[in-house]
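As recorded in Swiss-Prot, the features of this protein are as follows:
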{"type": "COMPBIAS", "residues": "164-175", "note": "compositional bias 'Acidic residues'"}
{"type": "COMPBIAS", "residues": "343-354", "note": "compositional bias 'Basic and acidic residues'"}
{"type": "COMPBIAS", "residues": "553-563", "note": "compositional bias 'Acidic residues'"}
{"type": "COMPBIAS", "residues": "657-679", "note": "compositional bias 'Acidic residues'"}
{"type": "COMPBIAS", "residues": "851-860", "note": "compositional bias 'Basic and acidic residues'"}
{"type": "COMPBIAS", "residues": "879-897", "note": "compositional bias 'Basic and acidic residues'"}
{"type": "REGION", "residues": "107-148", "note": "region 'Disordered'"}
{"type": "REGION", "residues": "160-186", "note": "region 'Disordered'"}
{"type": "REGION", "residues": "343-398", "note": "region 'Disordered'"}
{"type": "REGION", "residues": "525-564", "note": "region 'Disordered'"}
{"type": "REGION", "residues": "642-684", "note": "region 'Disordered'"}
{"type": "REGION", "residues": "851-915", "note": "region 'Disordered'"}
{"type": "REGION", "residues": "1032-1060", "note": "region 'Disordered'"}
{"type": "REGION", "residues": "1079-1116", "note": "region 'Disordered'"}
{"type": "REGION", "residues": "1154-1180", "note": "region 'Disordered'"}
{"type": "REGION", "residues": "1205-1236", "note": "region 'Disordered'"}
{"type": "ZN_FING", "residues": "217-236", "note": "zinc finger"}
{"type": "ZN_FING", "residues": "319-343", "note": "zinc finger"}
{"type": "ZN_FING", "residues": "425-446", "note": "zinc finger"}
{"type": "ZN_FING", "residues": "487-512", "note": "zinc finger"}
{"type": "ZN_FING", "residues": "605-629", "note": "zinc finger"}
{"type": "ZN_FING", "residues": "737-761", "note": "zinc finger"}
{"type": "ZN_FING", "residues": "829-852", "note": "zinc finger"}
Amino acid sequence: MDRDSSMQAKNLDAQCNPDLKMASANSETLASATHELKIMDVEGGALVDPDHIEEVETSMVIVVDDDDGDVAMVVEEDKHPMRDDPCIEDIMDDEHAPLVAELQSALNNPDDKQASEDPLLEDQEREPDAMSTKTEPSSDAESSHSYHDPMGLLERIEIHDPGDSQDDDDEDDESSNGGGVDGGMRRKMPRAQRWLLWMKRWPWILHEDSDGTLAFCLYCNISINVNNRSRHIQQHNVSLSHQERECNYLAFKKSEEETRGAISDNEIKHEFGTKSYVAAMKQKRISETEAFNNFNWLRWLRWHPWLERSMPTGTIGTCRICSVRMNVEFVYLRKRHETTKGHMEALRNLDSDKRSRKRKRSKSNSVTNSGGDEAEREKESEPEVGPEDAQDTPVVMMNGDVDSGDDPGKWCALIPDTNPQQCRCTLCNCTMAITSFLRHCKTRAHCHMLSTPAEKGSSDIRGIWAVFADMHPWLIADPEDPSIGYCSVCRKRFMYGNSEIKRKNHEKSEKHTLALASAKAGIEVGSADGRGGDNMDEEEAAASDQAQSSQTDDSEDNDDDNWSEIQKLGKGFAHKSSSEPRKATVRAGVRFYPWLCYSKDRKTQICKFCRVRFHNEAAKARHELSARHVKLVKQFKMRQAKLHQGTNTQTKHNAQDDEESQEQDEEYGEEEEDAEEDSQSNFDLGTVQARKTARADNKLFVKPIPATMKGKVMVWKGRFPWLSYKKNEQRGNYAWCKLCEVSLYLPSSKWASKHQRTSRHIRLRIDRKRNGGNPLKTSNKNSGEISTVVATASALASAEARQKAAMAELQAKYDWLDPDANDENHCHCRVCDSRLPIKVFYLRQHDASRKHVENKERQRANAAAAANAPSVSPTSTVDAERQESGMDKESENDMSVRSDGSTAEPLAKRSRRSMEVRRIIRALRDSMGKRQEERSQMDMARDMICSSFDIVTRLRTLERESVAHNESMAQAPPSVTVSPIKPPEPRHVMDLFFDSISPTMKSLPPDLAAEGKSKIMQLVCSLELRAMQRNATTPTPATVSASSKWPSSTTVTPVKTPPAPISAPLASVDADLHSSVVTTPHEYNNGQNNNNDKETVPKEPVTGASSAQVTINGSAKDLPENIRRILTSNQTQVTNRLETDSVRCVPLDKLTTQSRTNVNGRLSQGGTSEAPSTPQADLSNGNTLAMIRQIRVNNNNSSKITVTNTPQMQQPQQAQASITSSTPIMRGGPSSNGCQITTFRTMVNHNRRP
């Protein structure tokens, strides 16, 4: 305790003595203390007198704890750490509260006040005047690392100002280091004490225990989270917003003290009724917010005249010049707005407006007096305005300096009663907004007028616009830019001076009309007063009433700017022209040509008369002087002059001019280019080019545009004979071109002229003339329409004739070429059976191709072989049949998936079928001499459209089953001898017929081709049956004996059939062809009763019979076992195919009905088609017993055959002969009750090709 009290006494002594603000902890003198460094602080450091330093050699440990840990920092006697060092303050802890020597000095309480009182009260250093108003960073940021100097580069302590050190923490740090006696003492500082130190160091901090980690900023009136770290306080202290608010608040407090006097801290606490100084200061700061804001606004409004307060609270203000709202709390925001370009421009305009208004008043007063004293009054008025101008902000031109005596405002004349305010430059005679006058003063045109002032009545006032002087007297050159038009009546720029429509619209506008009327009234008043004649233009003095409208440039402004006129006419121009040293360089304006327009792509300029393109200005100037251009312009003017001769000759001239312009377009090859304005006379729209006559006369000959397209066609068909319309056209403004046969959008006649100049229309018109379709150029409307129709028909006919001639020429060169019936741009190669485009390149390429050559050689070889060989051997025929049957075979999946109505067939099969149809048609063309017979055959082939895919599929299925049974029964010896097949007949015309019809069938769609083949097969089958019925003489059945016997329980019931009518005699096709069928007697009713079960027949040993063999598809095959084993010697019979009693035909139309459905490739049981219940019979030979054949296939795995008894007179020889010459082919169809009925037929073609 004694040591602590001694340390406190030493600290008190150091506190009383200002020279001992900072003491060294070492006993060495200043000269020998090489480790002491200069503290880089704003307040500076204090030099400690060595006589007052206690020599303490022991080191002292100061533990400054923070919330993060309890690590103690040991301060050696050779080091002087600071409390604000981050590495030290982070280890401070408030759990321990030992006595700290520098606490009393930090609280600055030498009078030992009571503990209950606030330690911050009555602190001399907390006076408002003594508060820090610094704007630079505080000392903590610089002193935090000032002691860490291992290189010894910092300066030593030499000079110290006692008044500069205000860092209480540094002072306490040094005093604590120097006041320690016991080196082992540990010093810790609680959190509350640390907040007191921070509040002492930064006067703007207010903190209570209830605030936690938050600190209240007195200057900013906000709470900040410092998180018990001094670096966060330091960061807020150096912010710009805090520093500016600090300046404002200290100024506010100073003004409060001057008006009310200083208030002590106790008075503040008593005022708010609290014992806490911090709480009282917070409440006081909140209560004076409005007063502080008003104080700031007074200062801001005094500093910035352009600023005005827009709201009673807050810091949002408005710029009265720019009318912009902004936040003006901080100085950089206000300075930034002051330096903006818009604010500076508005400020200059405002200053110039003020000066011009004052000068205008002084000038107008001087004009009312006598004319002799005008100069003296001007001199007297100048000194009065001078002081005001000297006080105003000088106007600085952006493009250079301006002389002090040069005031651009003298050329500005305000136009009254305008909002926004408009002004007029009296030098350039142009109107603009008041805010644009300064920019106008910097333009080249204005500078050029200043350097070389032009007289009012100069001949170049119109410039390049002189060509429109007769039509538009008000159009002159713009004073600023002569290349731009200018309306002298409305006093405004006219940007579209080269457009006739724009000039016309402006001349008819209400504004222009009113300005012209007011100008005429002003001229009349001026002439009555004797003031209007002095300003007349020499060029415009001899003009008519239209020319007088351009004289209002000066007379309109005689009332308000006579001072500018006197100055300009008197001494202003001469003085400026003589005293102005600066001359601006003026660039020559771009010359405009009235005949210049743009192309369709809007990229290239062309001459609308000559259709010549331009890429530079020199070419335009040369073209204007060319003889060709001059000639065409004269022709155009002549056509325009003819427009006023009357309505009788108007249509005729327009038609001639139209033809002339079209011929010129064709001559120069620029038909596709479109001019900006039509070269034709679009009199119905009023878009007439520049002409010399008055436009009022032209309005007498303008035809009104009808509202309907029919009316437009009636009006325009004299000029456009190809024009027509559709009665059923629903769209508006759509016409019809009879020559191009297209619909056109024609809102006006200009669009018709555009279409008339298109390349397609011109080409068709040339073709029409070339082929003899010359329309008569008469005014008669009916004759024009008739001639147009005839020309169109002849053009179409000529096109077809040309197509035929070109095809004939190609066929003469390429014998293999055939025209395509569907597309005139393609052809067909009959050798390769391919489709080619009619192009010379492709035709040559195909003719020289290897594939074409090989196909051609193969065709020649086949033709030679067919001509030399009279017959074909049976073996080759059988091989060909076998090869064809192998090619026709398809997989089981394809056949099962295939449906009756499906059209998807294999590509090879479809191509083969179409080739067969083409061969048939080609044979018909070659054999038939007459065209009618040829067309009838083609129609017959096309009408036979039905698919036979189902029939062929089922027949092949039965054939496969037969082959399987024959292979299983191969050990059985054959019992039926098969005679050799007859040699086929030589090739005849029917083969050629089928060869020619195949290409035609190929060209058909797949579904139509399949249906056609089916119908062809159906027709051939019916013809074959009729031929067999006609050629049948007497039945000669052959009985095949078998060793097997029927059981006693089995009975055979003959089936009687009604006689069938005999067909008419027909030409015999294959009279010598014979076929045989295998028939077995059985009950016919079993097939109709849907008995699908196989008959149970007791098996008996075969005693000596051999298996019967038949020819199926050209090959000898054994009879299936299930057929042979149920036949006896007197029941197994092979009948002649020609015998009609053994033939039963099922109509094929019943097999191809649309009501059938496909179930796994077979007919469903619910089909509606029925087969006849009784077979056909022919009683011509006297045979009353009919033979019935019926084969029912059940699930493709079994067959059931029934036979009937035939007379015993049938000869075996005929049966054997007929069996060997036939190929049984089975065809199936549904019975009446839905079961499957399979029939046999023969289709023998000895001349079939592979």
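A Cβ is built for glycine as well, from the same backbone N, Cα and C atoms used for every other residue.
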Review point. What stretch, picked from 217-236, 425-446, 605-629, 829-852, has the most CB pairs under 8 A with the zinc finger (487-512)?
Key: 425-446
Exercise for review: Could you tell me what the rest of the chain brings near the zinc finger (319-343), counting residues at least six beyond its ends with Cβ under 8 Å?
Suggested key: 240-241, 244, 296, 300, 303-304, 306-308, 310, 350
Review point. Under an 8 Å Cβ to Cβ limit, what residues of the same chain, 6 or more beyond the ends of the compositional bias 'Basic and acidic residues' (851-860), are close to it?
Key: 816, 829, 831-832
**Study point:** Secondary structure content of the compositional bias 'Basic and acidic residues' (343-354), with strand meaning DSSP E or B
**Key:** 12 helix, 0 strand, 0 coil
Revision key, fill the gap. In the zinc finger (487-512), averaged pLDDT is 86
Check your understanding: What are the helix, strand and coil residue counts for the zinc finger (425-446) according to DSSP?
Key -> 11 helix, 5 strand, 6 coil
Point to revise | Structural state census, the zinc finger (605-629) (DSSP three-state) | key: 11 helix, 5 strand, 9 coil
Exercise for review: Sort the residues of the zinc finger (217-236) into helix, strand and coil with DSSP and give the three counts.
Suggested key: 7 helix, 5 strand, 8 coil
Exercise for review: Please list, for the zinc finger (737-761), how many residues fall into helix, strand and coil according to DSSP.
Suggested key: 11 helix, 5 strand, 9 coil
